[in-house]
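Swiss-Prot has this to say about the protein:
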- D351: active site, 4-aspartylphosphate intermediate (ACT_SITE)
- V304, A305, I307, E309, N793, D797: Ca(2+) 1 binding site (BINDING)
- D351, T353, D700: Mg(2+) binding site (BINDING)
- C873-C885: disulfide bond (DISULFID)
- 785-805: region 'Interaction with PLN' (REGION)
- 929-940: region 'Interaction with PLN' (REGION)
- 1-48: topological domain 'Cytoplasmic' (TOPO_DOM)
- 70-89: topological domain 'Lumenal' (TOPO_DOM)
- 111-253: topological domain 'Cytoplasmic' (TOPO_DOM)
- 274-295: topological domain 'Lumenal' (TOPO_DOM)
- 314-754: topological domain 'Cytoplasmic' (TOPO_DOM)
- 775-784: topological domain 'Lumenal' (TOPO_DOM)
- 806-825: topological domain 'Cytoplasmic' (TOPO_DOM)
- 849-894: topological domain 'Lumenal' (TOPO_DOM)
- 915-927: topological domain 'Cytoplasmic' (TOPO_DOM)
- 947-961: topological domain 'Lumenal' (TOPO_DOM)
- 983-996: topological domain 'Cytoplasmic' (TOPO_DOM)
- 49-69: transmembrane segment (TRANSMEM)
- 90-110: transmembrane segment (TRANSMEM)
- 254-273: transmembrane segment (TRANSMEM)
- 296-313: transmembrane segment (TRANSMEM)
- 755-774: transmembrane segment (TRANSMEM)
- 785-805: transmembrane segment (TRANSMEM)
- 826-848: transmembrane segment (TRANSMEM)
- 895-914: transmembrane segment (TRANSMEM)
- 928-946: transmembrane segment (TRANSMEM)
- 962-982: transmembrane segment (TRANSMEM)
Amino acid sequence: MENAHTKSPAECLSYFGVNEHTGLSPDQFKKNLDKFGYNELPAEEGKSIWDLIVEQFEDLLVRILLLAACISFVLAWFEEGEETITAFVEPFVILLILIANAIVGVWQERNAEDAIEALKEYEPEMGKVYRSDRKSVQRIKAREIVPGDIVEVSVGDKVPADIRIVSIKSTTLRVDQSILTGESVSVIKHTESVPDPRAVNQDKKNMLFSGTNIAAGKAIGVAIATGVSTEIGKIRDQMAATEQEKTPLQAKLDEFGEQLSKVISLICVAVWAINIGHFNDPVHGGSWIRGAVYYFKIAVALAVAAIPEGLPAVITTCLALGTRRMAKKNAIVRSLPSVETLGCTSVICSDKTGTLTTNQMCVTKMFIVKSVDGDHVDLNAFDISGSKYTPEGEVSHGGSKTNCSAYDGLVELATICALCNDSSLDYNESKKIYEKVGEATETALCCLVEKMNVFNSNVKNLSRIERANACCTVIKQLMKKNFTLEFSRDRKSMSVYCTPAKGDGGAKMFVKGAPEGVIDRCAYVRVGTTRVPLTSAIKEKIMAVIRDWGTGRDTLRCLALATRDTPLKVEEMNLEDSTKFADYETDMTFVGCVGMLDPPRKEVTGSIELCRDAGIRVIMITGDNKGTAIAICRRIGIFKEDEDVSNKAYTGREFDDLPSQDQAEAVRRACCFARVEPSHKSKIVEFLQGNDDITAMTGDGVNDAPALKKAEIGIAMGSGTAVAKSASEMVLADDNFSSIVAAVEEGRAIYNNMKQFIRYLISSNVGEVVCIFLTAALGLPEALIPVQLLWVNLVTDGLPATALGFNPPDLDIMGKPPRSPKEPLISGWLFFRYMAIGGYVGAATVGGAAWWFLYDSTGPAVTYYQLSHFMQCHNHNEDFTGVDCDIFEASPPMTMALSVLVTIEMCNALNSLSENQSLIRMPPWSNLWLMAAMTLSMSLHFMIIYVDPLPMIFKLTHLTFDQWLMVFKLSFPVILIDEVLKFFARNYIETGKEVK
């Protein structure tokens, strides 16, 4: 049924053809069940494990590696002699890497699908309905409730469907619908129709929503929507329809993979084509096919060399280390790539309640009447410190601390606050904090009484548990509460009927409620211990102060407190009929007024300042009304004190009324959205994404889940619902906005470090490609074989690359604007730099092998012509007289080449400590992890040269002292070359960037 909130109860009942007292007949139930289905949310149809595994292999780099592994595998079958075993090592290792990567990927994806499943925890098991086959109410499974069912709910129940209330069977009906609307206080419901067809859920005061909880009262209503048609069901559909966006890093790596794969394919084809003339060389036994296969193997080796196999593992490790550092700052990251996304966040959309504020109502101001002279009235106003539910804080008057017991008016005000109250404060020993028991507003009044301590009780030596309610207990011992006249919407107040615990003093009635309602029923004002008639002029003055407190910077929620000195006798009252309560609360004396608010967290203002410096816009999104929202924005620095906010703050309704183009413009400018629904949050994220903003969105309720899933970074609160947590990328353990800012800083540092190690690995791979390309182009014997390349890419390069993730962050990291997600990982200049470095790495590696052939004292001392035409070496060729042709497959030159490559890479790791800073400014010991990783890498390299049987597997042998000396001579210049390139970058190429 559409817009049931706009219809009267009778219209809703007739729409379903049902009677409030008898309910649906069995036939009607069967018909409606066939039409609407069971009242449950469908289980999420997750991807099968097989689909998820296949998805992991959709990455281009992974596919190329897979292809290389398959080809190596096929070629290994045709190997002869002792090489058979080593030939199988390479495809086996590649497959192992790919499997490990796929396992990590699948595990991550499985977690993401729990979000929609978690919604099911809000489905109640049972429901109470009236059906015509039974005389009384019957309990049935909630899934069997259909639209048209007459449902009964009472305190403690979870609402089983979306229900239009038909009649309320108690004084009031309060519902906690925070999971759905984010409202921090329970909402009072009624039965009258709400005429606005576009009302937001917060304003549908005659509706009960599936999954919310009844906080007080009892009611009967007609189910108007079940299953997926309920509000919570719509949220499920939104979540199921939200596609997970790729993070900027994933997009970058995809793009990078594509470029790399094109370059690799090109080089492989080129190397193969260059050597077509050599296919018939005698070394291949004169067989053209064997020659083609030999060069095909070299092309495959090239592919293996060009792909940084270690990259996925290093990135995962770096992100995992980042998540550990973030966890220490109370930000628990659920999806690894989002760690880096945080670094380019340009907008943070934050909930108000509990994130920017403490979600702990506190009284910050109060006043009593000081004196009355004719129509002139003087008030005594007091300020109260403290921003949490604790009994600690001071009452001050005119800036100095006050002794509350000196004011009779304050003693009476404290008495009303303590007695006209069903809540209390409790000390939770396991969490070591004070918590509310009951209503937020009433708990704030309990805290006020404790801070006032009007009877000067000795509270210093009490334990925390005793301290929680010490002062309230003293007051409750003096007066006995006989009964309570519950709050009702028509009079907007509640009262308690009390008699003195000792002696024979008369009964009193203490009242608290909305100022306009209470003051209208007051005939007097309290001045000291006497009472003075309340004239309209005095009333106007008091209301003016209350209006002032309710607007402006504070936007306090005000409560008036009053006493009826001579109430009716108990037997004269009808306590069953709540419509009469207003008549009993008349002829009252106004005592005072308290103003409370949900105060901002202390550290938020500083964090918002930090965001401003870092070029990040903070948008506050709240279900509260606009006045309160703007006031909090001013308090925490989102808006300046006197800033004009006419185009910077909107309610959900105002936003909806704008044409689409203006909505986009509004989102570009605004910093505050009030009275919003979940659908608005998703819309705001969409517009921000349209502006190329990277958005972090906070939320804690079920209602926030679709927006959390849609935003690049969904941030759930530690105290939030399971749905919100599983739909998000990050959970704030302490619900604190400042933790988001700390996480953004960490994200920026991680990206910078990631850039360094990606570049480090790439320049290493460029070196390997150049090495293979040079040997093929110059016709030299192969210097490195695939299994050696794999070892370098995975182990010797992987360790320093991982350690680069520990580089210290730049000092001004939060002084720069967020980087654009479109910024390339490797710019034109950097590409040149890494080609230059890679070119040297490749040339030096080939040089090391060639040096052994041409000049080493233990080598064969062949000529360069013989070396570059080694393919033509056979016994009958005069050019090779006296040369043993097997020497061209010896292991010392390979060992030389590999040692040069590994040592150069260690020097290159030092170059990567900083993008442009010289090693003189940023010495190696600024990252001790890197020093340790380099030591370990070199130790592992020595191991494969000197520890049997590894030299056999890797085709290596021992090196002499002179050979090691040559290795170092060839390796060290890479540091000098990069220092020159860094000097140019600092002084000529990237100077503009620094200044900005």
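Quick reminder: no glycine exception, Cβ is built from N, Cα and C everywhere.
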### Query
What are the helix, strand and coil residue counts for the topological domain 'Lumenal' (849-894) according to DSSP?
26 helix, 0 strand, 20 coil
### Query
Do the transmembrane segment (895-914) and the transmembrane segment (254-273) come close, with at least three CB pairs under 8 A (pairs 6 or more apart in sequence)?
no
### Task
Within 10 Å of each Cβ, count the other Cβ atoms and name the one among the disulfide-bonded residues C873, C885 with the highest count.
C873
### Task
Find the shortest Cα-Cα separation between D797 (Ca(2+) 1 binding site) and the recorded positions D351, T353, D700, C873, C885, and name the residue that gives it.
C885
### Task
Please report the DSSP secondary structure of T353 (Mg(2+) binding site), reduced to three states.
helix
### T353 (Mg(2+) binding site) and C885 (disulfide bond), distance between Cα atoms, whole Å
80
### Message
Can you tell me how many other Cβ atoms are located within 10 Å of the Cβ belonging to I307 (Ca(2+) 1 binding site)?
### Response
24
### Task
Give the number of CB atoms, excluding that of D797 (Ca(2+) 1 binding site) itself, located within 10 Å of its CB.
29
#### Entry: Candidates D351, T353, D700, C873 (recorded positions) - the one closest to N793 (Ca(2+) 1 binding site) by CA
C873
#### Entry: Residue numbers, six or more beyond the limits of the topological domain 'Lumenal' (775-784), whose CB comes under 8 Å of its CB atoms
271, 274-275, 278, 295, 298, 301, 305, 768, 845-846, 848-850, 853, 867-871, 888-889, 893-894, 897-898, 901
### Summary
Close to D700 (Mg(2+) binding site), taking Cα pairs within 10 Å and only the recorded positions I307, D351, C873, are D351
### the residue listed as 'active site, 4-aspartylphosphate intermediate' and C873 (disulfide bond), distance between Cα atoms, whole Å
77
#### Entry: Three-class DSSP secondary structure - D797 (Ca(2+) 1 binding site)
coil
### Message
Tell me the Cα distance separating I307 (Ca(2+) 1 binding site) from T353 (Mg(2+) binding site), rounded to the nearest angstrom.
### Response
49
### Same-chain residues at least 6 beyond the ends of the topological domain 'Cytoplasmic' (915-927) whose Cβ lies under 8 Å from its Cβ atoms
752, 755-756, 803-804, 806-808, 975, 979, 982-983, 985-986, 990
